[in-house]
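Copied over from TrEMBL:
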| type | residues | note |
| --- | --- | --- |
| ACT_SITE | His16 | active site, proton acceptor |
| BINDING | Arg12, Asp13, Ser166, His193, Tyr287 | substrate binding site |
| BINDING | Asp13, His193, His195 | Mn(2+) binding site |
| DOMAIN | 4-254 | domain 'Pyruvate carboxyltransferase' |
| SITE | Arg12 | site 'Transition state stabilizer' |
Amino acid sequence: MSKIYITDTTLRDGSHTVSHKFSPEDVKKIASSLDAAGIDIIEVGHGDGLTGSTINYGFSPYNDFELVRAAASVVKNSKLAVLLIPGIGTVEDLERAQDCGANAVRVATHVTEADVAAQHVRAAKKMGLFTVGFLMMAHMASVERVLEEAKKFESYGADIVYCTDSAGAMLPVDVRDKISTLVQNLSIPVGHHSHNNLGLAIGNSLAAIESGATYIDGSLSGLGAGSGNTSTDTLVAVMKKMNYDINADLYKTMDASTNALIPVLESKGLKTNTNLDAMILGYAGCYSSFLLHSRRAAERFNVDVRDIIIELGNRKAVGGQEDWIIEVASDLSKLKNK
Ligand SMILES: CC[C@H](O)CC(=O)C(=O)O
Ligand SMILES: [Mn+2]
């Protein structure tokens, strides 16, 4: 199985959800947690890309360069990416972003307009940036047309090309058709970016991976435009469950949501419906009604609820064996205090 690389776009696509109001301090908190979790690429900036802060797209109180600088001050291992939409951002903006610490760029165009990105991709490559061609609104073009446009990105020198479901309109069968055609006909890796508007983001991400995509986007707790993106947290859990080779750590990715993103959102009066303990039920194959009992036991024995749920899954507990929860929590606490 090929290695799968995860790009987290909480701090760029998620910026749409917070009306582009992530501050440099918010960026530091979230980017450092993503970096610690082993996320391969962290994308930062205005939701509409470099210099998107305008009356047309929505003003941000902070410019992209401050945000990139803030992220660069804490990121140690991940690549740091910006989005550049030719016509909104320029090559000069990209140079400035690089000076502030960006080392990757996703050059985004409408799915039928890769031509407009030629100079930006070539310039990015010359600057030594990891360069991604990002074809937006891919549901609007035929498989043949998506391939034609992706080939343009390849010919300009892009390192990867993305088939992006900006509208969350693609069905798994569309994702399979488009991604497998790109994988079979390009010599660069292929990526996929989903939106969850039809509740298909994680399913479509898996369809993309099974069709040969090796770069997949997510965002913490699925924060992003519309119904949000594929949740990075869930993506990591599912990929681990399927034994894919990924760099990200499951608990640390969840912690990035719980301890970094969610407090930042709460400080802005925003909430998420994220229930990561419940996600772990699915990861572990543990009875759903065990959740509340496990939370209580975690508190009583001062152990991580995720460890309880995973151990119950290992012991193959079924409904009616609620008494095991206490036993597992007690065993874990003894192990911890040994
Ligand atoms: C307007 C840029 C857009 O948000 C890029 C993107 O993430 C997408 O097309 O889905
Ligand atoms: Mn998007």
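Cβ atoms are placed via backbone N, Cα and C, with glycine included.
Sequence features annotated in TrEMBL and their locations in the structure.
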residue: Arg12; record: substrate binding site; DSSP (3 states): coil
residue: Ser166; record: substrate binding site; DSSP (3 states): coil
residue: His193; record: substrate binding site; DSSP (3 states): strand
residue: Tyr287; record: substrate binding site; DSSP (3 states): coil
- prompt: Near ligand 2, which of the recorded positions Asp13, His16, Tyr287 have CB less than 6 Å from any of its atoms?
  reply: Asp13
- line: Students should find that the Cα atoms of Asp13 (substrate binding site) and His195 (Mn(2+) binding site) sit apart, in Å rounded to an integer, by 10
- request: Express in Å, rounded to the nearest integer, the largest CA to CA distance found among the substrate-binding residues Arg12, Asp13, Ser166, His193, Tyr287 named in the record.
  value: 36
Field: Candidates Arg12, His16, Tyr287 (recorded positions) with Cα within 10 Å of His195 (Mn(2+) binding site)
entry: none
Task: Just the binding-site residues from Arg12, Asp13, Ser166 whose C-beta lies under 6 Å from any atom of ligand 1, please, or none if there are none.
output: Asp13, Ser166
- line: Spacing of the two Cα atoms, the residue listed as 'active site, proton acceptor' and Ser166 (substrate binding site), in whole angstrom, works out to 13
- request: Starting from the Cβ centroid of Asp13, His193, His195, the recorded Mn(2+) site, name every other residue in that chain with its Cβ within 8 Å, sequence order please.
  value: Thr9, Thr164, Asp165, Ser166, Gly168, Ser194, Asp217, Ser219, Gly224, Ala225, Gly228, Asn229, Thr230
Field: For Ser166 (substrate binding site): intrachain residues, at least 6 apart, with Cβ closer than 8 Å
entry: Met136, Met137, Ala138, His193, His195
- request: Would you please pick out, from the recorded positions Arg12, His16, His195, the one with the fewest other Cβ atoms within 10 Å of its Cβ?
  value: His16
- line: Going by C-beta under 8 A and a gap of 6 or more residues, the same-chain neighbours of Tyr287 (substrate binding site) are Leu281, Leu312, Ala317, Val318, Gly319
